[in-house]
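First the structure, in the form of structure tokens, and then the observations on it.
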Amino acid sequence: MTEILTSAQMRAIEAAAIASGRVTGLELMERAGQGVVEAVFAEWPALAAAPHRAVVLCGPGSNGGDGFVVARLLKGWGWEVEVFLYGEPGKLPPDARVNYERWCGMGAVLPLDDERFDGWPNAASGHAVIVDAIFGTGLVRPYRAHRHLAMTLNSCQSLSRKGGPSPKVVAVDLPSGLCSNSGRWLGDDQPLDFAPLANLTVSFHAPKLGHLLADGPVSCGRLVVADIGLGQRLAPGAEARARPAGWAFAPAPGGRGGREPGLPPRQDTVEAIAQASVAQSVAKAAGHKYTHGHALILSGAVGRGGAARLAARGALRIGAGLVTVACPPSALIENAARLDAIMLRPLRGESEAEALATLLEDARINALCLGPGLGVERARELLPVALAAKRATVLDADALTALAGDPALFALLHASCLLTPHAGEFARLFPDIAAKLAAPATTGPAYSKVDATREAAARAGCTVLLKGPDTVIAAPSGRAALNAAVYDRAAPWLATAGAGDVLAGILTGLLARGLEPFSAASTAAWLHVEAARSFGPGLIAEDLPEQLPAVLRNLS
Ligand SMILES: NC(=O)C1=CN([C@@H]2O[C@H](COP(=O)(O)OP(=O)(O)OC[C@H]3O[C@@H](n4cnc5c(N)ncnc54)[C@H](OP(=O)(O)O)[C@@H]3O)[C@@H](O)[C@H]2O)[C@@H](O)CC1
Ligand SMILES: [K+]
């Protein structure tokens, strides 16, 4: 399992490594600085070929310490380097202080004032690189000068549009002001226009949640994670950790170490979904069609069956043994004309709810999907029967809307349910949680999408998949995973009508095949993005199920 870290987890890893005597804080800082310089040269090889000019903005903590290392190393490459310090030298933490003093033997340090900006770097001075090492994972409150930092960086960058040199903004660990746990800008005056955006962000050891959630990806530019020798020591025979797709790892600048055995397991881990675990989840064992489950998709009324048919196609393509669409009798002909391998059952009887109850007497139907195109009224009618059957059940779209206004229905949710809201549906279902997430983040670490999804899952008593480019999955136990379709894994084509219906279908198919909700959600979210990436621009929802075979082939 690959982890995405919080700032506290990163600090604990660092502290354990230092306590073990295997490495000192100073060595880690040196490797961090080296990692930044190597990543800069790898990103812009022309910068390694000849000396240039750089500005390094250092802050009052260890992020600033990394900055002093970067300044010294660039100077060693023959660069002309100007260094600014936001804070007082006497208050720097010990390792940062050592690197400050080392730098002072090589050059000046100018004060970076957050009241008087006339001493700030001059936009017109032709720097090739501006290093933002003001704050990293230690940001605890809004950074007062962040607006000015953004203006400085923007005005430097805008020179390139006028034919001048284009300085590259390199953020050390995080763009300063961005919360490492939530990917949100601290403070209430931080629309993205005013954020100090980076061209390249170089983080250390593992990605942090803030790189992948919310505004993180757009703020970081490109993300490189440098290995600073804190790697996990593998148990004998253990599989090497798969690196999550979507960001790049720089090579280790120094020696490799291992995380000390004996570190307490981290309860608040957020998993990055890895290809190896997806491959394991979808591998099909020999058997007949009933071995692979029977998924039932509830369809909408006449003329509204498209969403359910998309879901059914997704369920079949991901390997459910049988997939049935159940529809109102009046929609039978419409669906029959559009479905072949997918079976069709009219909900005929006194009421559709009764007909569904009869259908569910077949115990082989082991996964249900309610929501896509269903209609809110019909969802209200069918949900009590569907939930009473205690099968693995995906609730999407109209089923979520029905649940939102009805505490009695909400109370019927059980542990085998899987809720798949987008942000709007989430806000209707969990208005107080959504409000907390939407409120300005005033202290760090700030409340994040991961926190919100965990809280929702605990309240609902079932797994919640909160959609977005940063899809978060949480189980009531607090287990959480993040499927980040960002950086080089971005799939903007997924923002197309019906894509969510296909996701609901893939989920239902995986549940039918016996995956428990959390694994089904992680696997489906990953496959959904891969299917979109495999097709590329021009994607429509119908293409997603048809792309799954290629994605599955590549897995094996
Ligand atoms: N962990 C690791 O393994 C490694 C970590 N490394 C590096 O260390 C970085 C983390 O260092 P860090 O903990 O010192 O935090 P950092 O972000 O430098 O700032 C903390 C300082 O800022 C202050 N402060 C906070 N908010 C403020 C505000 N709004 N306005 C003003 N001040 C504010 C806060 O002050 P206080 O709250 O105490 O008043 C404190 O003094 C990490 O990002 C990485 O770059 C690497 O060397 C490699 C190994
Ligand atoms: K920074």
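Every residue, even glycine, has its Cβ placed from backbone N, Cα and C.
Residues or ranges marked as (6S)-NADPHX binding site by TrEMBL: 62-66, 136-142, D173, A307, G373, H422, D501. What TrEMBL records for N63, D132, S176 is K(+) binding site. The AMP binding site annotation in TrEMBL covers K467, G468, P469, D470, T471, G500. Taken from TrEMBL, the feature domain 'YjeF N-terminal' applies to 10-236. The domain 'YjeF C-terminal' annotation in TrEMBL covers 272-555.
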Quiz item: Of N63, G65, D132, T137, S176, P469, which binding-site residues come close to ligand 2, meaning Cβ under 6 Å from one of its atoms?
Solution: N63, D132, S176
Self-check item: Conformational class of D132 (K(+) binding site) under the three-state DSSP mapping
Solution: strand
Quiz prompt | Where V140 ((6S)-NADPHX binding site) falls in three-state DSSP terms | solution = coil
Exercise. Express the distance between the Cα positions of G65 ((6S)-NADPHX binding site) and D132 (K(+) binding site) as a whole number of Å.
Key: 12
Self-check item: Secondary structure at D470 (AMP binding site), reduced by DSSP to three states
Solution: strand
Quiz item: Of the binding-site residues V140, D173, P469, which one sits closest to N63 (K(+) binding site) when you measure Cα to Cα?
Solution: D173
Quiz item: Near D132 (K(+) binding site), which binding-site residues out of S62, D173, H422, P469, D470 have their CA within 10 Å?
Solution: D173
Quiz item: Cβ distance under 8 Å to K467 (AMP binding site), same chain, sequence separation 6 or more: which residues?
Solution: T420, P421, H422, A423, G500, L503
Quiz item: What number of additional C-beta atoms lies within 10 angstroms of the C-beta atom of V140 ((6S)-NADPHX binding site)?
Solution: 11
Quiz prompt | Where the C-beta lies under 6 angstroms from ligand 1, the matching binding-site residues among D132, P469, D470, G500 | solution = none
